[in-house]
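Just below is one structure, and these are the notes that go with it.
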């Protein structure tokens, strides 16, 4: 999701510095005016300059009122909280929104991998996949988890299609390349990248795309 130069190292997270703007212009498609507009909206909902996990979860719950958003929200929040101090600053926020709105397929797949890779070591294993699938089931209020729909069986199938039957570890590049060549894997592992007839990207499936876009709406930024 790009490299963050500023952000939480600043004493005051409400301030948008020139370095922050340069970093965001380099890693997103937003102009300086658009970045300023996003920042103004962000501060309306997060006056401290910090988006905490509780607020993040509240957004998810609005979009999945029938499901249990807590687990999946935790995965996404941790992926966006790049320096692990339990809040998302404006730079982290806009980098994520930028990928969601303007990222190409490979960039969105990398974001999906980051959500799976909770310890941020560039690799995921069967246990990681099982946890995220269970969280996605919770989010979608999916109660049928028997047979081929069981998380363990689903992970077995994923590993087979990634040609990793004899290996419990999937590296970032293996994940991205596997999803690029296999649309079925994309639908399971990164549903926000699934292409609909006419070339449009789905925004209605369980994915980071809907909640991140909803967060942009919550902050009131108009770009």
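Cβ from N, Cα, C; glycine included.
If you check TrEMBL, you get these features:
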- 199-223: compositional bias 'Polar residues' (COMPBIAS)
- 68-103: domain 'EF-hand' (DOMAIN)
- 104-139: domain 'EF-hand' (DOMAIN)
- 195-223: region 'Disordered' (REGION)
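Remote same-chain residues near the domain 'EF-hand' (104-139) are listed as 1, 60, 64, 67-72, 74-76, 78-79, 96, 145, 151-152, 154-155, 158-159, 168-172, 175-176, 179-180, 186, 189-190, 192-193, 206-209 (criterion: CB distance under 8 Å, separation of at least six residues from the stretch ends).
The domain 'EF-hand' (104-139): residue composition by secondary structure is 26 helix, 3 strand, 7 coil, according to DSSP. In terms of DSSP secondary structure, the domain 'EF-hand' (68-103) contains 24 helix, 2 strand, 10 coil. This prediction places the mean pLDDT of the domain 'EF-hand' (104-139) at 91.
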